[in-house]
Amino acid sequence: MPACCSCSDVFQYETNKVTRIQSMNYGTIKWFFHVIIFSYVCFALVSDKLYQRKEPVISSVHTKVKGIAEVKEEIVENGVKKLVHSVFDTADYTFPLQGNSFFVMTNFLKTEGQEQRLCPEYPTRRTLCSSDRGCKKGWMDPQSKGIQTGRCVVYEGNQKTCEVSAWCPIEAVEEAPRPALLNSAENFTVLIKNNIDFPGHNYTTRNILPGLNITCTFHKTQNPQCPIFRLGDIFRETGDNFSDVAIQGGIMGIEIYWDCNLDRWFHHCRPKYSFRRLDDKTTNVSLYPGYNFRYAKYYKENNVEKRTLIKVFGIRFDILVFGTGGKFDIIQLVVYIGSTLSYFGLAAVFIDFLIDTYSSNCCRSHIYPWCKCCQPCVVNEYYYRKKCESIVEPKPTLKYVSFVDESHIRMVNQQLLGRSLQDVKGQEVPRPAMDFTDLSRLPLALHDTPPIPGQPEEIQLLRKEATPRSRDSPVWCQCGSCLPSQLPESHRCLEELCCRKKPGACITTSELFRKLVLSRHVLQFLLLYQEPLLALDVDSTNSRLRHCAYRCYATWRFGSQDMADFAILPSCCRWRIRKEFPKSEGQYSGFKSPY
């Protein structure tokens, strides 16, 4: 974008120039892309509700667990094992937890009658000893239950362990009971109350419907909106067995997903429940499998404080609430439409890729000559020429050369390094199509002798014999009319150029060269055409006419204005023009790069 230099530059608008190609194949490709993209954009707009402004849910959760369990516990009293029956209600097997979680006890181990005194440690690899030297007074092992006294005492039979100051007797290391003591907790139910709020949309609701049947139980298909869940059903949904998990405990996630459409015409805001096991199922390889913790019941007996230590195994239920609430918003709709408009450009990118590929030199040289089916693709070269304009960087070394006996133009973009320009190969570029509209503006003198149909001047010229080489003609001259350059030695190679690549007649002998380049009447007409009030005095007439003749030849032989700016005139043409419109002092500066 050009810089603004004045106030009028502010009130401008720029747009791209496009090329319209009338092609059944490319038209079909374009509409195929547009239909696919339009279908996808509409589908995503409706299915994902991308026209809505969405807001994350804010929620609070409250739970109530109900159920009664009968526990058969085996205890040892006076050396005799007894089976004790007890009943556990909600207060016995639930524990208060922070956040959106609740805990249900399913198994436990008891150590009764503990009091603070000295006693031997429970025998383990760490606590076994044979003498007092194996125990360190005051040592507190993180895995131990107390502080060592430095004595090694008898635990039972021949086993000796370090004596500790702790709650005695020390808790035994033993496995959780199998089956779980509260195996009937599978039939417990939990009521989940979930209130949600979307403050941005000023909308609040909850998961309990107004006419809820309090005797309902959640079922994935038959009763998916019931907020009362049976614990065994939760594990069944995840593919786990409640009885197996109840032995050592675990962690279960209850997911509540709210996908709320708050638009009046499609209002819907109901929760969707799902379940996920959150702890490690592979208890055999876990370092600490399951879920457990300890708590104590304190009491006094004979004025001595005692406690019953209980190691609790159970299931922690984490309630995870997430979701969004969306409502129609015109800004979101405009943003979405604007972001998808660029997708329609994929058709242009793909078609441009096909045109560029099928018009490449590789296809032209290696594919089209051998593949008959691919020959219709040659039309892409025409499309490419109409679509793209190749521009060469205007370096000081850029030069264009045109030989009358070649159909193409040669581009030389390198330093000559003393070599004659006639001998430099260069790169072949197509000759631009001639625009004959400007010829209609020339004076009628140019058309004095009507050409013979089918026999252009240049074709007649190539059939003539070469002009005999003069004694002054350089070795690189092919037409016999070139003269040595007057430039210094370092720049002389730039003017060592003939109008022909191979021996033949000189272009200066053609009738068209005389009428178009050397005709003083035509050149004066062109100068006045550009500047109607131009005063052609005697001193500047030859200079203006000479440079106008240079430009006429360059435009005639090179066609493109860009090429004409970097065109090098053959020595024969340059000296013929200089002879017709000479310089008074006879010294000429030669070619100068316009950039």
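In case you wondered, yes, glycine gets a Cβ from its N, Cα and C as well.
Bear in mind that the values here come from a model prediction, so they are computed numbers and not experimental data.
Of the residues proposed, Lys272, Lys281, Lys311, the one Swiss-Prot records at the same ATP site as Thr189, Arg294 is Lys311.
Looking at 18-35, 162-179, 324-341, 360-377, the stretch flagged in Swiss-Prot as region 'C-cys anchor' turns out to be 360-377. Per Swiss-Prot, the candidate among Lys515, Lys583 that belongs to the GTP site alongside Arg546, His547, Tyr550, Ala567, Ser589, Gly590 is Lys583.
When the residues Ser144, Ser390, Ser543 are compared with Swiss-Prot, the one annotated as phosphoserine is Ser390.
Disulfide annotation in Swiss-Prot: Cys226 is bonded to Cys216, selected among Cys216, Cys260. The separation of Ala567 (GTP binding site) from Cys362 (S-palmitoyl cysteine), Cα to Cα, is 29 Å. Distance from the CA of Ser589 (GTP binding site) to the CA of Glu14 (site 'Selectivity filter 2') is 42 Å. Taking the recorded sites Glu14, Asp352, Asp356 in turn, the residue surrounded by the fewest other Cβ atoms inside 10 Å of its Cβ turns out to be Glu14. Cys572 (Zn(2+) binding site) has a Cβ environment of 25 other Cβ atoms inside 10 Å.
The CA atom of Ser589 (GTP binding site) is located 49 Å away from the CA atom of Cys377 (S-palmitoyl cysteine).
It is Tyr343, among the recorded positions Tyr343, Tyr550, whose Cβ has the fewest other Cβ atoms within 10 Å in the structure shown. Per-residue confidence over the topological domain 'Extracellular' (47-328) averages out at a pLDDT of 91.
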